[in-house]
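Working notes, structure below.
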């Protein structure tokens, strides 16, 4: 039975005898035979080649990389090598075996000489345990068997699931805090003084929202919208933004401790990836010369310029979404449908968010190709360097794809549109959108809610359905053949390997970046959960619910729907840790800017402590925000409208109101505008410095490596030295 275990299976089409492809295939298999590999051929609709490496290869590996902390072991006593290590070594040799035509397996697969190469899902005890106790929906709240995952999929995969589990666990606390903030907002839904003033402003005539066919309107028409805005935009939001900045730091610091504990138990804490790579190179080819580290400033400059061009394209797409919203608002306001006409701005925001999601889906594929092309230009030395370089590039592109439109809504919408009589226009025709009188934060809330819901529902459904349907179709195609085999009279006994190899081949393909895709998805979600969380307190709750399903979804995909991924050795999550730390800093900056610029928190505080009735004498019993709405609206004379605009029927008065701080005579900024501007700037500086200081204190307070781990190492070294002495 041990003889029939195969490390890898290569799949090829049946080529014509003597054809170029058959010759290339034969040359590759001959090279493997020279290295002592056992090869078994099975013919079906395709050609299957089972590959098994000789024992000497694994003995060399064990000898070269024996644990320095276990010097006392007999060097000739070879323990059984783990299956994950076997697969990893065999995969390395397969990928680096060169034929006489100087072609590797990668080149042969490009030329369709081989169609696939994969390790097998074996019917072993660990697999059955994982299928029954991990890759099932019923175990959604159960703890993950990280040690078993490591034994079957390798350390890198186990670390991904350990990280995802830890992230989800701590996300539970952020979700509860976000829900409390949201519930607090609901309790003040009807009690906000600002909302009351908007609802009672039946005599406040507002300027038209577009140039053609738009009527003058009464501020009280937007009563519900104002209540929703102040449900999101209140004092609790500021505290929550600060809490999330600290949460992001504590999460990473606690993860470093968790990772140190896990990796120590695996005896990998001081594992050297470069040493392992050099050992495998020598096992594959004794004459191998190590590649030198190289750096080209010219090549780096070219790549940097190309990255900047790509970022400019992504920002251009965000501008396209802005133009869509402007044009859509203009068209909706001219619509004959009553609902569209009345809710033109909200409909433009919602359809814009759906369009933004579609651009995210399309640009994700484009970003991947561009990032891979740039990595090839860069010529990294090892797979690890290639992966790190690719990670930085794709994350940068994905960040701009996902967040450019949100950045516009948060920080530019309603601030660069001009004012009545002097609007900023696109192509001299369509005027830019303006903020709702009760603030811009609701637009950001809607945009984030739609994108997060679409990303987490549609993406997860597709992620599961595509491999599931593909698996079912493959199985269906194989059934007729099986029936014919059973009915055949002079049929030989079927090779037991054939069924196993076929069933593995029918599963969905995996590649070197399959795990990378899972990480990227989670890191983008982490960005949504932290960077603009002040505008969308429910983001952690949505992420938490999504992750509960994501863990089991990934487990089911790995165990039941996909071929076995090649195990990778690792002692941390790699460059993703630096990416997460960068997101933590962006979260402080982003939330500080949202509160200072997008939210009305600062203008309200300035009014409350400078211009409100509370600052006057004998003002007891008066709400300090009384009169805020009137104070925040400027006056515009109707005769000053641009000649080519056609506002609706003029109201009884000669003036209309609009959201800004401008003088009524020459429309220049008032003293209040500069007062609020200075307060916004002061708050931003204060918030970011306090949040960053708290982050630094939290990072210092929580050690990266637990003392128990350090003590374990110390005791182990002490015992080894004592034994040697």
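The backbone N, Cα and C atoms fix where each Cβ goes, and this holds for glycine too.
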Quick one: sort out which of 344-363, 364-383, 424-443, 444-463 is the transmembrane segment according to TrEMBL.
344-363
State the residue range annotated as transmembrane segment by TrEMBL; the candidates are 106-131, 132-157, 158-183.
158-183
Quick check on the annotations: TrEMBL lists transmembrane segment for one of 390-413, 486-509, 606-629, 630-653. Which range is it?
390-413
Report, as numbers and ranges, every residue of the chain located at least six residues beyond the transmembrane segment (570-597) whose Cβ falls under 8 Å of a Cβ in that stretch; write 'none' if there are none.
154-156, 159-160, 163, 237-238, 241-242, 244-245, 248-249, 252, 256, 259, 263, 266, 268-269, 271, 273, 384, 387-388, 391-392, 395, 410-411, 415, 441, 444, 519, 523, 526-527, 530-535, 680-681, 683-684, 687-688, 691-692, 695
Determine whether the transmembrane segment (523-549) and the transmembrane segment (344-363) share at least three Cβ pairs under 8 Å, counting only pairs 6 or more apart in sequence.
no
Who are the chain neighbours of the transmembrane segment (390-413) in space, where the CB to CB distance is under 8 Å and they lie at least 6 residues beyond its ends?
307, 310-311, 314-315, 317-318, 321-322, 352, 356, 359-360, 363-364, 367-368, 370-372, 374-375, 433, 435, 440, 443-444, 447-448, 451, 513, 516, 520, 523-524, 527-528, 531-532, 535, 574-576, 579, 590, 593-594, 597-598
Contact set, same chain, for the transmembrane segment (344-363): CB under 8 Å, 6 or more residues outside the stretch:
209-210, 225, 314, 317, 321, 324-325, 328-329, 332-333, 335, 397, 401-402, 405, 433, 436, 443, 446-447, 450-451, 454-455, 458
Would you mind listing the long-range same-chain contacts of the transmembrane segment (302-324), meaning Cβ under 8 Å and 6+ residues beyond its ends?
352, 355-356, 359, 363, 367, 370, 374, 377-378, 393, 396-397, 400-401, 404-405, 407-408, 426, 430, 432
Please average pLDDT over the domain 'Anoctamin dimerisation' (82-146) for the predicted structure.
89
